[in-house]
Every structure is written in C-alpha cells, then in structure tokens.
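These come from TrEMBL:
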- GLU74, ASP117, LEU119, ASP120, ASP247: Mg(2+) binding site (BINDING)
Amino acid sequence: TMASPALLMRVVASAYSVAEKAATIVRNVMAAGDLGIVEKTGANDLQTKADRLVQMSICASLARKFPKVTIIGEEELSTDEVTEELIEDGHCEEILKKSCPAQYTGIKEEELVIWVDPLDGTKEYTEGLLDHVTVLIGIAYGGKAIAGVINQPYYNYEAGPNAVLGRTIWGVLGIGAFGFQLTEAPAGKHIIVTTRSHSSTLVNDCISALKPDSVIRVGGAGNKIIQLIEGKASAYVFASPGCKKWDTCAPEAILHAVGGKITDIHGNSFQYNKEVKHMNSAGVLATLKNYDYYASRIPNTVKQSLVP
C-alpha cells in the first residue's frame, strides 16, 4: 500500500481547497454589494467584510485539520463566530500525488507556521480593480517560506461571460510551482513593478536610479510576484516599509520554487518563524532572473533610509 502523504503535502493540498473557498467568499461579498469597509490606520489601510470572512474561513478550516500548526493572519479577529458554512474540509488530490521533498518528510505540525493574507490588494478590491486581488496562504518551516498558495479570485474576469473565473497557483520548494505558465520578461528590458497606493519620494527615487524602460504600478504583493513569474515585469521593487510577512510568505515560496529570488532592499532574506516581527521594514526586491543586476543598483541613500 502507499504510505500516507507527508504532512507538508497534506497541508498544501488543504490550503489549495481552502483558498478556492476563500475566492468564492470574496466574489460573493462583492456580488452582494455591501463591502463593509473599515479604515484600520487610514484611507490606504482598509479592511472589508471579505477580509474578515475569508480570514475566519482560512484560519478555522486549517486549524481544524492541523490543530498544532501556528497560523498568523493579517486581521485581528476572534474565531468564536465562525459558522460551519465558512469551513472548507476538502483537499486537492493532484497535490497529494506529488512526492514530498526528502528534507520535508519528517516535519511535525508544531514546526509549521502558516502566514495568511485573506485579501491582498484590499484597496484595489474596494475600487473595482479586481485583477489585482489575491488570497495568500504561505507555509514556513525553520523560518523559511517553503510552500505557498496564491488564489486570484478574479483571474480572467475581463475575458467574457464564458471564461472560467479565478485560478489557484501553488508551489513547494524542491517540487516547483503550478497553475500558471512560467515566462521570462523580455530579455534586455528593465520593467519594474511597484506599489500603486503606497508611493513615496523614496520609492520613486529608488526606481529612477534603476533607469527602467517602464514601470507598472499595481496593488498587492501576490499580484506583483505573478507579474514576475508570468514575464510581465523583470523586477519588483518597493523601497519602503509597509509590506508584511503575510504579504511575502506565499509569493516567496512560489518565486523560489521556480528559481527566482526575493529579499529586502539590503539583500537580507525574510524570516518567517512565529516570533518574528510582522513588518518587512526594509522593503522588497524580487526578480525571476538577474537579481544581482537590480540589487547592485539600489542607491546607498535608499539603503540608509530603510533599516531592517
């Protein structure tokens, strides 16, 4: 008989189904028309009913199956009022069929940390820029992002009434990443993707110093990493604090699974153990290829302004 799948593969397979359920919640809230918007720290830091329901759904569903895993979500919520219809019990069979990389086969539940961004790109969601929105579930072990799931609830939403809406991308270090077509950005072009709603002099000075051919401004860290792995941008540059561990964990795992690289502006790796501070206070630099080209051109003035 087959040995039962390793814990990591079971967690990823469940996270896949949980992310698909999350996407349904995101679409239902939007369709119902009452977003229930709350300002957290200001007009660029919003929370909607979708953020709240999705986080409850993801955290409660995963905690029920994997009670000893640490789960850290963006929103501060009690899990008392989780109703049964928010629970997703399914898993993706395809993922369970893949063998777990040897270095991860002995992982125990209490060694995993799951970082959840229930709705990355909330501001864009409230403004109807629906293709910017992602649901992020990142899985860390030993402080390192090792697996991730990114769901785009509105992928294809402009492709007409018969298009399949939404998609789920997943990846595990040592296996690869799936659910999209890996594409490199045009050779010799420097296309930078950066923040849409959190611009600043520092952000813009850093980008100018890199002399890009073009700059794409979009919401959501998940969305920006997708721009890299689908070849629409060659570097993701964000010279500012503001990005958090739940923004980068899932995208990092997927980017690293296909050979890319993400660090802070100084070139430091992100740490994802449960005690770590939530803010990525020294910004973000990510590429699928040619990381060193961009890293070597970050101005010292920018580095000095951003303390890890």
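Backbone N, Cα and C atoms are what each Cβ position is placed from, and that goes for glycine too.
Note that TrEMBL annotation is computational and uncurated.
What you see is a predicted model, and the numbers here were worked out from it, not measured in a lab.
Counting only residues at least six positions away in the same chain, the Cβ atoms of VAL133, THR134, VAL135, LEU136, GLY220, ALA221, GLY222, ASN223, ASP247 sit under 8 Å from the Cβ of ASP120 (Mg(2+) binding site). Neighbour density for ASP117 (Mg(2+) binding site): within 10 A of its CB lie 31 other CB atoms from the protein chains shown.
Sequence-ordered, the extra residues of this chain that approach the Mg(2+) site, with Cβ no more than 8 Å from the Cβ center of GLU74, ASP117, LEU119, ASP120, ASP247, are ASP51, VAL116, PRO118, GLY121, THR122, THR134, VAL135, LEU136, GLY220, ALA221, GLY222, LYS244, TRP246. Residue environment of ASP247 (Mg(2+) binding site) contains 27 other Cβ atoms, counted within 10 Å of its Cβ in all protein chains. Neighbour list (LEU119 (Mg(2+) binding site), Cβ cut-off 8 Å, at least 6 residues apart, same chain): VAL26, THR48, ALA50, ASP51, VAL54, TYR125, VAL133, VAL135. Taking all protein chains in view, 22 other C-beta atoms sit within 10 angstroms of the C-beta of GLU74 (Mg(2+) binding site).
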